[in-house]
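Reviewing the structure listed below.
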Amino acid sequence: MNPDILRERQNATFDIEKLTNILDGGAERTNRRREIREVLVLNDPDFDYGTPTSLPTMILKLREYGISDPVEINWYKSMYWGTGREALGLHYVMFLPTLYTQCDSEQFNKWVPLIIGTYAQTEMGHGTHLRGLETTATFDPATQEFVMHSPTVTSIKWWPGGRNPLFLPLIFLSIPLSASLFDLFLSGFALPTCSGIVIGDIGPKFGFDAVDNGYLKLEHVRIPRENMLMKYAQVKPDGSYVKPLSSKLTYGTMVFIRSLIVGNAGIVLSQCCTIAIRYSAVRHQSEIRAGEAEPQILDYQTQQHKLFPLLATAYAFLFAGQYMIDTYNRISGDINQGDLSEMPELHALSAGLKAFTTWTANTGIEVCRMSCGGHGYSRSSALPDIYVEFTPSCTYEGENTVMMLQTARFLMKSYRQVQAGQQLSGAVSYLNKVHHRVMAPQAVSSQLDLNLNTLVDLYEIRAAMLVELAAQSIQQESARGKCQEDSWNNSTIDLVRASDAHCHYMVLKMFRDKVDQIEDPGVHSVMSTLAHLYAIHGMGNFTGDFLQAGVLTGAQVPSVSKCLKGLLAEVRPSAVLLVDAFDHHDKMLNSVLGRHDGNVYEAMFEWARSSPLNRTEVHESFHKHLKPLQAKL
Ligand SMILES: CCCCCCCCCC/C=C\CCCCCCC/C=C/C(=O)SCCNC(=O)CCNC(=O)[C@H](O)C(C)(C)COP(=O)(O)OP(=O)(O)OC[C@H]1O[C@@H](n2cnc3c(N)ncnc32)[C@H](O)[C@@H]1OP(=O)(O)O
Ligand SMILES: Cc1cc2nc3c(=O)[nH]c(=O)nc-3n(C[C@H](O)[C@H](O)[C@H](O)COP(=O)(O)OP(=O)(O)OC[C@H]3O[C@@H](n4cnc5c(N)ncnc54)[C@H](O)[C@@H]3O)c2cc1C
């Protein structure tokens, strides 16, 4: 083991295993995760690490081991495929969940165990604006069939992931039977038997190469009436239409995956922090004091400033992911029982946190890569691949700006309710104080109060202030004679800013609530330091907001920076131990820089030598091209 890494792991001030247990949701979950990793994957003789041929093996193994819990599926898949993306991701996170949530019982029993499928919603002309989708589904009572058709070039289904030419069971979103509703259909196609279908691949992408995103053009293709997913809406044999309790129930799968993406952003950021911080502990470069040995780059304050706030953010997003999926499970359970009262709040929370966490993690991955210098740019670090696989999450499952505006819509509605004298509950209950001016900024002391509860209050006031400013912008636009829609559009910068601040407050509050639950003194102490770092770093990035909200004075601004530097120094001794607690296995990280033993240089040389380019001392291209050319000179 590298001596630097060894030294970093001495004198731990907290129990790493206990922190790993907290991240997993308990010691039993940690044991189960490791059992899946060590016994069911790494020690499985059939396991051929991450090669495409192992995909069918993985599916059969999941069934053989009876793994059906979504989280356990993800543990197994992420061990199997490491930081890459496997071709069946969409099957697991969209196709199956849609069948689970939108099929009636007869359809569920008929389809769920049997098929692999994709999710064809986006069209060439519309991805965000679902009410603009053009694919039609016209019911023919004479044959009891739906006629599926792509009337225009922009209606061609574009992007369905995992469009395996042999299996084409897919979930459709199609123009509705009635003007504002969407309905889901299972195609049941199996090529090449169906005529009227034109499919293909949309071509090379930025990344996401394990997934073959395709296109699908339908020319009056007929499918049985029974292929409409009929849990919430039905078309009767006589063609009569039974509307769902809410037209937004059709959007349920997107809310599910957005809820998963929040925690996934934390996982991906924790992977990158593991790589960058372990590497920074073994990389020596330049000098701090002339004549002395080159220091670990982790001892440079700028390197700590790059990485430690991201480390705190990774923990924050992992805890937010736990809160998000628990909230999703609770509210979707109520929806399943017909209680849709919290569906708007679930939509607003999942949409906002999906955008907030992916935007932040996306930027953070690049900071981790650049903090590793040239070796960070090498594929051996795994950081370029992680970035290329993660970055589309800012676009898919709801483009982030649009998602932030959906959250803003909920915040504006809530603000109006407070203005009308209503008492709010849930995540927006802090807006009640705005109305009664309880949010009047406290007379802040000359010293910045570092108590975590105080910091949460300051973020709450900042969010409330920005919500009020956005509402006032809309009101001012209306007062200038703008229609409601133009007033909204002319305020969307303010609206996104308000949603971002609302999500930032929510994430810090979740982090603080999780820290409060930690009983072990050592773990509580180090987590409390990270939560402070998360809050103070955000205050440094958005100082203007806090000044504008009147909760920070110009005289206090220098103390924010001073406090930040102190927290960075406080985290330094525990940095490697904090990434060890994420418990990412070397095989899954697949990173020369992030190895648990820190033996980077030896591994890097072996990695380079294993390249096909180095299979011979002199590359064949010399003999084939250069030598004949030289002979002619
Ligand atoms: C079972 C096994 C599971 C195994 C799981 C393993 C774990 C895996 C972990 C891996 C995690 C992450 C990896 C992810 C990899 C996934 C790869 C994904 C590939 C990509 C796929 C896709 O992109 S699929 C397509 C996605 N497309 C979208 O998201 C479209 C976005 N657009 C929309 O959602 C809507 O158009 C929009 C909401 C923007 C507007 O809708 P619209 O109907 O126009 O509504 P509005 O007019 O704006 O508003 C009207 C009112 O409706 C309310 N509302 C809107 N949406 C919802 C909703 N979803 N729920 C509830 N309410 C909604 C809105 O608030 C308005 O209400 P108001 O009261 O009138 O204000
Ligand atoms: C890797 C990847 C995999 C995908 N897999 C699938 C899949 O399996 N199945 C599937 O159905 N789809 C899939 N998609 C498609 C994805 O869902 C859409 O790309 C996404 O919903 C964004 O829609 P769009 O592409 O139409 O972008 P647009 O909505 O056209 O966005 C372009 C710009 O317009 C802005 N904009 C749009 N509407 C508004 C508004 N109301 N207010 C302000 N600004 C706005 C956006 O902010 C953005 O800046 C995938 C996409 C990617 C990148």
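Positions of Cβ are set from backbone N, Cα and C atoms, glycine also.
According to TrEMBL, the protein has these features:
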- 58-115: domain 'Acyl-coenzyme A oxidase N-terminal' (DOMAIN)
- Thr122, Gly161: FAD binding site (BINDING)
- 251-412: domain 'Acyl-CoA oxidase C-alpha1' (DOMAIN)
- Glu397: active site, proton acceptor (ACT_SITE)
- 451-629: domain 'Acyl-CoA oxidase C-terminal' (DOMAIN)
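All features noted in TrEMBL, drawn onto the structure.
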residue: Thr122; record: FAD binding site; Cβ contacts under 8 Å, 6 or more apart: Lys157, Trp158, Trp159, Pro160
residue: Gly161; record: FAD binding site; Cβ contacts under 8 Å, 6 or more apart: Gly89, Leu90, Thr118, Tyr119, Phe208, Val211, Asp212, Asn213
residue: Glu397; record: active site, proton acceptor; Cβ contacts under 8 Å, 6 or more apart: Met254, Ile257, Arg258, Ile261, Lys354
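In the three-state DSSP classification, Thr122 (FAD binding site) falls within coil.
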